[in-house]
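Undergrad: Sharing a structure, written as structure tokens. Questions coming.
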Amino acid sequence: MHAQSIGILGLGAYLPEKVLTNFDLEKIVDTTDEWIRTRTGIHERRVSEKGIATSDLASKASLEALQNANLKPEDLDLIICATITPDTLFPSTACYIQNKIGAKCPGFDISAACSGFPYALTIANGLVKSGMYKKILVIGAEVLSNFINWKDRSTCVLFGDGAGAAIIGEVNNGHGIIATYLGADGAQTEILKIPGGGSAIPLTVETLEAGKQYVYMEGKEVFKLAVRSMCDAIEKVVELGGLRIEDIDCLIPHQANIRILDAVTDRAGIPSEKVFINVNRYGNMSAASTPVALYEAVKQGMIKKGSNVVLVAFGSGLTWAACLIKW
Ligand code: COA
């Protein structure tokens, strides 16, 4: 008997309508459109209206993914939400999403920052393969605009809000998730984090005044490690899947910075026409970046039936991850 293949049954995405351009940012901090474009490749990003939470964006993306998979919320067996900007420390954002979309199944969040979506996909793949669940909703969603210091020009220009979702289940044999690879280096926890608001540094008037509730980043160090870890993840997942780099038809990388993506694809030997880019329009949406990019690459016809797709990401932790999918 052939083992059944596990893959993506439907995709969805949601981006807030409000666009914040580099020119808008020129009015908020001491920066220029030229600096942001040349250092990052970002032209604009989306930001949520006041009062909108991560579960709001996630629910919209999830309902579209369900529709594209021809499924109803009650068909779901599990919800896994990857996010670093949860609605609340607890309960999980997955529980808010369950209620908002009208599902009845269990759910939980995972924290792997920008690598969250391929991490969650790996968990879902294992759970469906084991026979425990049949249909799993996997989401990457963020409202980063609520965790950014809008007075810090070195970070506020980089991030945006958004959500992407995928339904994981059994697909035709020979298609679906071929291999997954996860990595982490806990020695690098200090270079990219939100220091306050957890048990280590609870929020007090003093920690709030010191800005501990906001994203902190050592940009240059992150840059170096990002290139190294993404190249490693691409090589490993392709090897695990028994393919060669030349066999990759489409690379869906985490969209942090165009210079990082150029360095990765250059070093990995992947031609730029095979690499999907939308960092110019959305900035870095952390866990939402890879599912939104995957959604758009499929929609634009860059991914076709039979395409070998590699999803690759890196992020705070540090964490890194890759999934090889035969479409
Ligand atoms: N506008 C104008 N100037 C800015 C600026 C901005 N928005 N942000 C920083 N600068 C200034 C700095 O203050 C610095 O000035 P100084 O030399 O007088 O001190 C100068 O620009 C150069 O900064 P530097 O840090 O050398 O720039 P860089 O080439 O390393 O680019 C990043 C900065 C953040 C774009 C880059 O390091 C990066 O992309 N890192 C990875 C970030 C990332 O991917 N994070 C997410 C991981 S998931």
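Going from the start of the chain as shown, residues are counted 1 onward.
Just so it is clear, glycine is given a Cβ too, placed from its N, Cα and C backbone atoms.
Pulled these features from TrEMBL for this protein:
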type	residues	note
ACT_SITE	Cys114	active site
ACT_SITE	His254	active site
ACT_SITE	Asn284	active site
DOMAIN	108-186	domain 'Beta-ketoacyl-[acyl-carrier-protein] synthase III N-terminal'
DOMAIN	242-327	domain 'Beta-ketoacyl-[acyl-carrier-protein] synthase III C-terminal'
REGION	255-259	region 'ACP-binding'
Undergrad: I'd like to know the mean pLDDT over the domain 'Beta-ketoacyl-[acyl-carrier-protein] synthase III N-terminal' (108-186).
TA: 97
Undergrad: Using Cβ atoms only, which residues of the same chain lie under 8 Å from Asn284 (active site) while being at least 6 residues apart in sequence?
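TA: Listed in sequence order, they are Ile42, Cys114, Leu144, Leu158, Phe159, Gly160, His254, Gln255, Ala256, Asn257.
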Undergrad: With Cβ-Cβ distances below 8 Å as the criterion, list the same-chain residues six or more beyond the ends of the region 'ACP-binding' (255-259) that contact it, or say none.
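TA: Tertiary neighbours of the region 'ACP-binding' (255-259) are 39-42, 114, 158, 223, 226, 277-280, 282-285, 289-290, 293, 314.
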Undergrad: Under DSSP, the domain 'Beta-ketoacyl-[acyl-carrier-protein] synthase III N-terminal' (108-186) has how many residues in helix, strand and coil?
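TA: With helix first, then strand, then coil, the domain 'Beta-ketoacyl-[acyl-carrier-protein] synthase III N-terminal' (108-186) has 26 helix, 30 strand, 23 coil.
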Undergrad: Taking the Cβ of His254 (active site) as the centre, count every other Cβ atom within 10 Å, in any protein chain shown.
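TA: Its Cβ shell of radius 10 Å holds 31 other Cβ atoms.
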Undergrad: Could you tally the C-beta atoms, other than its own, that fall within 10 angstroms of the C-beta of Cys114 (active site)?
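TA: So the number of other Cβ atoms within 10 Å of Cys114 (active site) is 32.
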